[in-house]
């Protein structure tokens, strides 16, 4: 920040650090020239003497959380954190649950509304498209209004969108409602990941983030497996699938209202700074300012960047592009299972509604297996990150890519009447175990590769992944009718084998590719300069380097919050590993210099 040292204006009190509110510290003195370059908020004090903005200079008073303060989400009690996480994860799970609970009710809906296969399946795809588009605009909204009100507002609108499903008299109203449900429900797959990052420091985010991924991926399996009984009951069927979920959301909303709290640090500190400006004005010799308020972008400027930058990344960054294509295929197969699993077991094995719905438990089992295997990748990462850097995240995806293709082939080749029905279920479980690993590690890898632009990289991949992947649901029945499930899934498995080398290429050539990419090469150069300035040169001893890293783990919480505010976007991804990226980047630098 540019600053100028001046003698304080005669109307200002001399700075008195000891008398400042706890957590507040004196910042730079800004002259008029500095204030023309650096934007800071104006005082809200009503006194005319204080309101005047003709000061020759203004002292900034930084507003931070006091050390160990319960105001800081990192310092919330374990009980409060668990309560917030339980409520947030339920929302993430129910928004995923809706994809297959809708699909299991398609037969009765087609009968009542006279819909075609394509029209009915479009409800699955439109829900996914809402999920793809919504997060692009989410980062500015959460920065402006905070996470709490995004949750509360989205739960209400998401629940109300069920009216078009439960009361729909034609497919048009149902499809519009499905798109709006995806648009409002995307909060569940976006803000929840940010909530995890708000509550837990980087070195503690692994388990809760894995649990979040589990809730997202397991949801579609639970939806059809538990709602098949409603479809099988002629007094309930597809309309009551919507009503039951709306009732559940109605019960959930007051719980969320009272249990959830605002967790976004930048929003909490802005509110605190605004309150101090109102109460104390300039009487303490400066203007109370949260760091996130400095040069804060206008809402619509931030919105334009939020909408456009992810598209630039997915089209201009080779690493993002190829991982997005690979993830889109994985998610496409996932949506084929959501839309077509019931079809396979009804037409090939003659299963009834309840039995066909029960096969979706294979999705649940496969996802849990992937979740339980996740610590293996974590161990491999810790063992190899010092040698190859962030590419150590890719050992599990290399194996998972091959396993995923094999799972597709098993699912396809066993989907014939003369093979026991457990065969396709085994294929489904294998596919989901691999998909969980790919879903989890790809987000973390891109987050660590792209540093301050991680949110845009992850959002770009997520946009293509969900937009393309959910589109597969529309032609699932046509694919199976034309090629049969056996050869349709075998073909997809072969395509998956062709894309399986993607993580291998990134593992061995990732740094070389990123050094030649428009955004990544700039980030790598900035990282190299910063490391050189800190003295982390190639010749530095490993013990000294480790001690430096340990000391840097104690960097201020506010610095971590500032970086998270810069990087956060919709799919948070939603997997925000900012501090981890900075520390592991030191290993990456040593590796690349050694080459």
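Counting begins at 1 with the first residue displayed.
Note: Cβ is positioned from N, Cα and C throughout, glycine not excepted.
Listed in TrEMBL for this protein:
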COMPBIAS  535-544  compositional bias 'Acidic residues'
COMPBIAS  545-579  compositional bias 'Basic and acidic residues'
COMPBIAS  580-595  compositional bias 'Basic residues'
REGION    1-26  region 'Disordered'
REGION    534-595  region 'Disordered'
TRANSMEM  82-100  transmembrane segment
TRANSMEM  120-141  transmembrane segment
TRANSMEM  148-167  transmembrane segment
TRANSMEM  179-200  transmembrane segment
TRANSMEM  212-232  transmembrane segment
TRANSMEM  238-260  transmembrane segment
TRANSMEM  311-336  transmembrane segment
TRANSMEM  348-373  transmembrane segment
TRANSMEM  394-415  transmembrane segment
TRANSMEM  421-446  transmembrane segment
TRANSMEM  458-475  transmembrane segment
TRANSMEM  487-508  transmembrane segment
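Of the two recorded stretches, the transmembrane segment (238-260) does not lie close to the transmembrane segment (421-446), with fewer than three CB pairs under 8 Å once pairs fewer than 6 apart in sequence are set aside. Contact between the transmembrane segment (179-200) and the transmembrane segment (148-167) is supported by 3 or more Cβ pairs under 8 Å, counting only residues 6 or more apart in sequence. Long-range contacts of the transmembrane segment (458-475) within its own chain (CB-CB distance under 8 A, at least 6 residues past either end) are made by residues 103, 118, 121-122, 124-125, 127-129, 131-133, 135-136, 309-314, 317, 320, 323-325, 327-336, 338-339, 442-443, 446-447, 450, 569-575.
Nonlocal intrachain contacts for the transmembrane segment (421-446), taken as residues 6+ away from its ends with a CB within less than 8 angstroms of a stretch CB, comprise 209-210, 213-214, 216-217, 221, 319-320, 323, 326-327, 330-331, 333-334, 337, 341, 344-345, 349, 351, 359, 362-363, 365-367, 369-371, 373-374, 377, 390-391, 393-394, 396-397, 399-401, 403-404, 406-412, 414-415, 454, 457-458, 461, 489, 506, 571, 573-575, 577. Nonlocal intrachain contacts for the transmembrane segment (487-508), taken as residues 6+ away from its ends with a CB within less than 8 angstroms of a stretch CB, comprise 319, 322-323, 325-326, 329-330, 332-333, 336, 388, 391, 394-395, 397-398, 401-402, 404-409, 411-413, 415, 427, 445, 479-480.
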